[in-house]
Amino acid sequence: MSSVPASAFLALALILFCIGLYGALTKRNTVIVLISIELMLNAVNINLVTFSKYGMTPSITGQIFALFAICVAAAEASVGLAILIALYRTKKTVNIDEMNTMKN
Amino acid sequence: MMENAWLIPLFPLLSFLILLLFGKRLKKASAYVGIIFTLASLIFSILVLFERFSEPTYMTKFEWLTIGDLHLTAGFEVNQLNALMLFIVSLVSFLVHTYSKGYMNGDERFPVFYAYLGLFTFAMLGLVLSPNLLQTYIFWELVGVGSFLLIGFYFNKEEAKAAAKKAFIMTRIGDVGLFIGMILLFWETKSFEYSEIFKAVDSGAVSGTMITLTAILIFIGAVGKSGQFPLHTWLPDAMEGPTPVSALIHAATMVAAGVYLVAALFPLFLASKTALLTIAVIGAFTAIFAASIGLVQTDIKRVLAYSTVSQLGYMMLALGSGGYVAGVFHLMTHAFFKALLFLAAGSVIHAVHTQNIEEMGGLWKKLKLTGPLFLIGTLAISGVPLLSGFFSKDEILIAAWEGGHPILFLLALIAAFMTAFYMFRLFFMVFTGEARSEMKHVHESPNNMTFPMILLGVLAIVAGYVNTPWFGSFFGDWLVDGNPALGHGHIEGPIWIMIAATVVSLLGIYVAYLMYFKRSLSRNWLSGTGDTLHTILLNKYYVDEFYQLTVIAFTKGFSYFLRFIDVFVVEGLVKGVVGIVQGLGKTGSKMQTGQVQTYGAVAFIGLALLAVIFALTGGYLR
Amino acid sequence: MNLHSILSILVFSPLLGIVVLAFLPKQSEKLIKWVGFLATIPALLIALAAYLHFQWGKDLADFAVSKSWIQFRGMGGAPEPFFSVNYELGLSGFQLLLVVLTAVVATLSAIAAVKFVKKEWKGYFMLFLLLEIGMLGVFTAENLILFFIFFEVTLIPTFFLIGKWGYFEKEKAAYSFLIYNGLGSAVLLIVIMILFAKTGTTNIEMLTKIIADPSAPLSGDLKLGLLIALLVAFGVKLPIFPLHSWMLKVHVQAPPAVVMIHSGILLKIGAYGLIRFGLGIFPEQFKTLATLLAVLGVINLLYGAFLAFIQTDFKMVLAYSSISHMGIVLIGLAAMNEAGVQGAIFQVISHGLISALLFFLVGVLYERTDTSLIENLGGMAKGMPIAAGFLLAGAMASLGLPGMSGFVSEFMAFLGLFKELPWIAAVGTIGIIMTAAYLLRAVLGMTYGKAHREFTGVLDLKGVEFVPVVVLFVLIVLIGVYPSVLSAPLQTTLETIMLGLGG
Amino acid sequence: MTFSGEFLAFMGLALVAIIGGVLLLNLTKVVHMVVALIFTFVAIAGIYVLLSAEFIAAVQILIYSGAITIIMLFGIMLTKHDDESEPKTGKWRKILVFLGIVGFAFAVYIGIYNFNIEQVPTTLHENNTMQIGKELYSKYIIPFELTSVLLLVALVGSIILAKNEKKEADSE
C-alpha cells in the first residue's frame, strides 16, 4: 500500500534515538543534555505512531500514547529546567561535571 | 546348652554395665559382681565344652545389617576351637577376677577396674564365638579397647598413657590389614562367614594370588594383636597395666587372638603356600628375636612379656608349618602356664613393690607358695619333660620339622634354649641368693590371690596330657574331627626331636644355674662377648627408636608439611582472592565519581553489551 | 489430623517459639530459656512419630504435600509453556533420618544453649529457632527452589549466632562463614536456575525423570558442568579440600551449642545435597567423576587426619577430624554401590551424633576451665572422671570403634570402595590408623597423664548436662549395635539411587 | 522500492531530522544547537503526517517546536554559558559511549531488520482528530485526567523549584 516500509520509520527513530543518547551521555552542558533527552523521547514517539499504523493490529491507541508521551515530556522539560535553574543559583554553572553531589 | 552359648559373653557385659552405672555405690562389692558373672560364664563354658565333645557344631545367625542386596548376618558358632577358647578365656578371666580382688585391693578405682575387666571378657568371649569375619573384626577391636583401657588404668602415669596409646595404635595398624583382607575376601566370596569362605576357597572360585593376598593381610591383623615382629613393641610396654591384666590379656587371651584367628581361618591359609611360609618365617623369627631380648631384661614383667611374644611366635610357627593341632595345643598350655607366671609375678610384685629383678633375690623362703608355683610355670615354659609345655613345644618342633623347614626348626630349637635360660635366670634372680635391696613387710599374698595360682599351677602340669605321644592324642583328634583339611591330631615325628628338645631346655637351665645360682660362670658372660651385643639386646634391637625416627618422624613431618600447605597455600589462595576482590572494590569506588552522566554511560554500555550478546546468540542458553 | 499438613507443621513449629519469644521481655532469662527449649519439642515429637509411622510399616509418601505456589509463562525455547514452582514437602527414608537427626540435635543443642549461652538469650533463641526451621525445611523440601530458600534461611541465623555469641575472633569467623557459603549457594542458585530454565520444573522427582530421559534438552557436557558446579556448591558446605578453611574458624570460634548444630547438621546439608542432587539427578555424570571423588575423599580423609595430629587446641582437632570424616562420606559416594552409598549416609548421621557429643563436651570443658588447649587440660580424668569417660567414648566412636555408629559407616564406605577402586581404598585405610592416632593423642593428652592444674570443686557433668550426653551416646551405640534402625528406612532410597545408576 | 512522492517526502524529512540531530551534537554555541533541534522537531512532525497522524503532527509543532524549545531558550538565557572554556568530555568516554551506541544500534537494527508484519489497511487518516478525541474521552479518560494532574504538579513543582529561595527566606 505504502511505498515506505515500516522499518524505514523505525530505523529513523533508531538513528534519532542514538543521536539523543550520545548527546545525553557525552555533552557537558546540562541544557543540551535535557534537549538530547527530548530528542530521545521524540524518537520513541515516532515508534509509537509507526506501530499505530503498521503494527500487528493497527489502531489509534499508538497515537494516543504518543500524545501522553508528549505531555509527560513537556512536564519533564519544565521540571528539569526548574531544577537546572535552582542548581545554577547555588553552583553558578551548568557544567555537568560540577553536579556530583551523589558522590558524598 | 550350646544353643544358649550366646549367654556366655553376655554375663561379663552385664557385669560391665552394672559396675559402670553403680560401681561407685558398690565399692568393694564390685569384685563379687565381676566374680559371680564370670563364674557363670565359666560354668556355661564348661557345659558347652563338654556338650561339644559329643555333639556336632552348633551355629545360628540372624540378619544384622542390610545393604541393598547384601545381607550381613551376626550370630554365633560353637565348634571345637570355639568351645575350647571359650573355656580357656572364661577360666582365666574368672581366675584373674578372683586374683584381682586381692591384688587391686585399696585402689580407689576398684569398681572401674572390674568394669573394664568385664568389658574385656565380654569382647574376648564374643570374639571366640563369632561365626563370621565381620563379627570377629568387631570383637577384635573391642578386645583392643578393653586392653587399651586396662593398660591405661593408672591413667595419671605418663608411661601408662603412652603404653596404652601405643598398644591401641600398633594393634590398629595390624587391624587395618585384617580390615582390608576381610573386605577383599568378601568381594571374592560374597560372604563374611567362615563356612562360606572355606567353600569358595575349596571350589577354586578365588584366584591363588587373591588367597595369598587376603591371607597375608589377615595375618597382618594377627601380627598386630599377637605382638609378632615387626608390630611387637607394644606388648612389652603394655606391662604398665596392672599385673592381673597382663596375665589375662597380654598372656593368655587377647594376644592369643591372633593365633586363634589364623587357626579359625586355617583352611584359607592352607590354600596358599606363600602365606603359610610367611607365617612360619615370621613366627620363627619372632620366637628367637623376642627370646634374645628376654635374655637381658631386668623388669620381671618385661621378661615375661618378651617370653610371651616369643611363645606366640612359636604358635605362629606351628600354624605356618601346617601344625594346626600343635599351634592350638600350645595356645592352650601357654595360656595356663603364662597366666600362672604372671599371677605369680604379680604376687611377687605385690610383696616387694618393685618390678626390677636386680633388686629382688632370696624370696623363696619368704613366699612359700608363690615360689614353687613360679617354679612350676618356669619348668612348664622351659619345656621340661612331663609338664604341659613339654608336650606342646614338642608338637611344634615336630610340626616345623615335618613341615619341611629345617632352618626354622633350628631357630625354634635355639629359641627353646634361650627360653629355658632366661626363665631360669629370672627364677634364680628373684627367688635365690641374697636380697639385693631392703625389702620390708614381705609377706605371702592373700588366699584369693593364691587360689587362682594353685589352680593354674595344676593345669600347667596336667594340661599337656590331653595330647601326648604316649597316652594318646585325644585332644588333637577331637580338634580336627570332621575337618580332614586341618591335618592329623598328632603328627608322628622322629624320636630324636623330643630328645633334642629336652636336652636343649635342660642345657638352658644348666647354664642359667651356673650363672645365676652357683655364679661359677660370670654373669657378664654375655657382655663379655661384646658390650655392643648386650647394649643392642638391652635396647630391644632399637626397634622403638627406629620407629621413632622413621614412621613417627615421617608422620609428624608430613603433618607439619601439610600444615604449611594449609596455612600458606590454601589460606594464601583465599587471601589472594580476598586481595583481588578488595582491589576490585577499591577500583570500583574510585569510579564512583558522583556524576550521573558517567553512571548512565556505564549502565548503558552494559546494556549495549547485553543487547549485542542477545542479538548474536539469540538470547537463549543452548 | 491430616497427614499432609504434618510436614508443614513439623517444619514451621519453631515459628511458634519465635513469636512467643518476640513478646517476652528481654530480662526474663528463665522464661526465655524455657520457651526456647520447649519450642524445639514439637518438631522432635513429630519427627519421632514419623519414624515410628515408618517402622509400623506405613508409607512415607503419606506425608508428601504439594501446593501450587508460583506460576509464570515460560520464555522462548523452554519445552514447557508454564514454569511453576510448587510448595512441595516430602519425606523419603533418607530425609526422615536426617529430619530426626536434626530434631534431636536441635533439642539437645537448645539444652546446651541453656547451659552455655551467657547473654542475650532472647536474640539467641529466636535466631536458633529460625535456624531450625531452615534445617528442617532443607531436609524436607521436594523442590529445588524451596530447598534453596531454606538453605539460605540456615545461613543468616548461623552468621549472627557465630558473630554475636562466639569467642575472640567471632566476627572474622562469621564473615568467612558467610562469604564461603554465600558463594557456594550462589553457585547452587546458578545450577538451579539453569535446570529450571531447561526443564521448566524444579521438582526433584520430575527433574530426575526428565534428565534421565536421553531426549532431554541437556547435553552431556552441560550435565557434567552442572554436576561439577553442584560439587563445588556442596563441597564448600561439606567441606571438601581445599574449600575447608572457613569451617576451621567456625568450629573454633563459634559457641559450642552452635557448633553442635553446625558440625552435626549444617555440614550434613552438603552431603545431603551431593547424594540427593548430585547422585540422584546426575547419576551418569557422577560415574565419570567417581574416581575424582574417591581421590578427593581420600585426600580429605588423610589431610584432615594428618593435620589433626599436630593441633594443640582440641577444637581444632575436632574441626580437622570433621574434614577427615567427611572424606569418608565422599569415599562412600565415590563407590557408587549400595554399600558405599549406605556407608556415606550412615557416616552423615553418625558423624552428626558424634560431633554433637564431642562438641557438647568441649562446651562443658570450656565452661569449667576456660580453655580447650590439650596441654592445659592434661589429667582432667582425675577431677572429672565422667566427662573424661564420655570424651574417651566419643573419641572411640569417632575413630570407628565397632559397636558404635562410626564403625558401621566407615566399614560400609570402605566395603563399597574396595569393590570399585581397591587401590585408592587401600591408601584411604591409612586414614583409619591416623584417626586412631590423632584422636588418642588428643584425648589421652587431655584426660590421662599428670594433672597440670588443680581440678577442684564440682567440675564433673551434672544435672541437665547428662541429657545430651547420654541421649547422643545411647543413639551412637544403638546404631553401632543394631544398624538396622538406620538401614531399614534407607533401602527404598538406595533402590532409587541404584536404579538411577543403572544397576 | 519505487520513488513515489511519499518516499521522496520521507527521505527528505528523514534527512532533515538527522542532519538536525547531527548538528545538535556538533555545533559549539548552545543557541545554534537549539535552532538545529527545531529543524529536527519540525521534520518529525512531517513524518507524523506521513504516518497519517495529523493531529500528533500539529501537537508536535505546537509543543516541541513551540513550547519546549522556548523553555530551553529561556533556560539558556537565564544561565551563563562560557562555550570556549567548557572542558571537553574525555576522549575515551566518547569512544566507549560511541561504541556502545553502535552496538546497541546494531542489536536493535537486527530486530528491525527481522521485523516483518503484513500491512493492514487502516482508517487512521479519516477524521484523525475525531478518532483521537473519541478514544481519549471514552477509553482513556482516566489517564487523560491523570495527565492533567501531572501537568498541574509539574507546574507547581517548577514554580517552587525555580522560586528564589533567598527572597522566601527573607520574607519569612
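In case you wondered, yes, glycine gets a Cβ from its N, Cα and C as well.
Where the annotation comes from TrEMBL, it is an automatic prediction and has not been curated.
Taken verbatim from TrEMBL:
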{"type": "TRANSMEM", "residues": "B:6-22", "note": "transmembrane segment"}
{"type": "DOMAIN", "residues": "B:64-114", "note": "domain 'NADH-Ubiquinone oxidoreductase (complex I) chain 5 N-terminal'"}
{"type": "TRANSMEM", "residues": "B:112-131", "note": "transmembrane segment"}
{"type": "DOMAIN", "residues": "B:130-419", "note": "domain 'NADH:quinone oxidoreductase/Mrp antiporter transmembrane'"}
{"type": "TRANSMEM", "residues": "B:137-155", "note": "transmembrane segment"}
{"type": "TRANSMEM", "residues": "B:167-187", "note": "transmembrane segment"}
{"type": "TRANSMEM", "residues": "B:207-224", "note": "transmembrane segment"}
{"type": "TRANSMEM", "residues": "B:245-269", "note": "transmembrane segment"}
{"type": "TRANSMEM", "residues": "B:275-296", "note": "transmembrane segment"}
{"type": "TRANSMEM", "residues": "B:303-325", "note": "transmembrane segment"}
{"type": "TRANSMEM", "residues": "B:407-432", "note": "transmembrane segment"}
{"type": "TRANSMEM", "residues": "B:453-475", "note": "transmembrane segment"}
{"type": "TRANSMEM", "residues": "B:495-516", "note": "transmembrane segment"}
{"type": "TRANSMEM", "residues": "B:599-621", "note": "transmembrane segment"}
With the transmembrane segment (B:407-432) as the reference, find which of B:137-155, B:207-224, B:275-296, B:453-475, B:599-621 contributes the most Cβ pairs under 8 Å.
-> B:275-296
For the domain 'NADH-Ubiquinone oxidoreductase (complex I) chain 5 N-terminal' (B:64-114), the DSSP helix/strand/coil residue counts are 29 helix, 13 strand, 9 coil
Cβ under 8 Å to the transmembrane segment (B:303-325), counting only same-chain residues 6 or more beyond its ends: which ones?
-> 222, 226-229, 232, 235-236, 238-239, 246, 250-251, 255-256, 258-259, 262-263, 266, 269-270, 276-291, 293-294, 297, 331, 334, 338, 341-342, 345, 357, 381, 393, 395-396, 398-400, 402-405, 408, 412, 415, 418-419, 422-423, 426, 467, 473, 475-476, 479-480, 486-491
Can you name the far-off residues of the same chain, 6+ from the ends of the transmembrane segment (B:6-22), with a Cβ under 8 Å from a Cβ of it?
-> 30, 33-34, 36-38, 40-41, 44-45, 48, 76, 86, 90, 93, 111-112, 114-123, 125-126, 129
Mean pLDDT across the domain 'NADH-Ubiquinone oxidoreductase (complex I) chain 5 N-terminal' (B:64-114) comes out at 85
Which stretch from B:167-187, B:207-224, B:453-475, B:599-621 shares the most C-beta pairs under 8 Å with the transmembrane segment (B:275-296)?
-> B:207-224
For the transmembrane segment (B:167-187), the candidate among B:207-224, B:245-269, B:453-475 having the most Cβ pairs under 8 Å is B:207-224
Any residues 6+ beyond the ends of the transmembrane segment (B:245-269) with a Cβ under 8 Å from its own?
-> 81, 85, 88-89, 92-93, 96, 99, 117, 120-121, 124, 127-128, 133, 136, 140, 143-144, 146-147, 150-151, 153, 178, 185, 194, 197-198, 201-202, 211, 214-215, 218-219, 221-228, 235, 238-239, 275-276, 279, 301, 304-305, 308, 312, 315-316, 319, 324, 327-328, 331, 334-336, 338-339, 341-343, 346, 483, 485-486
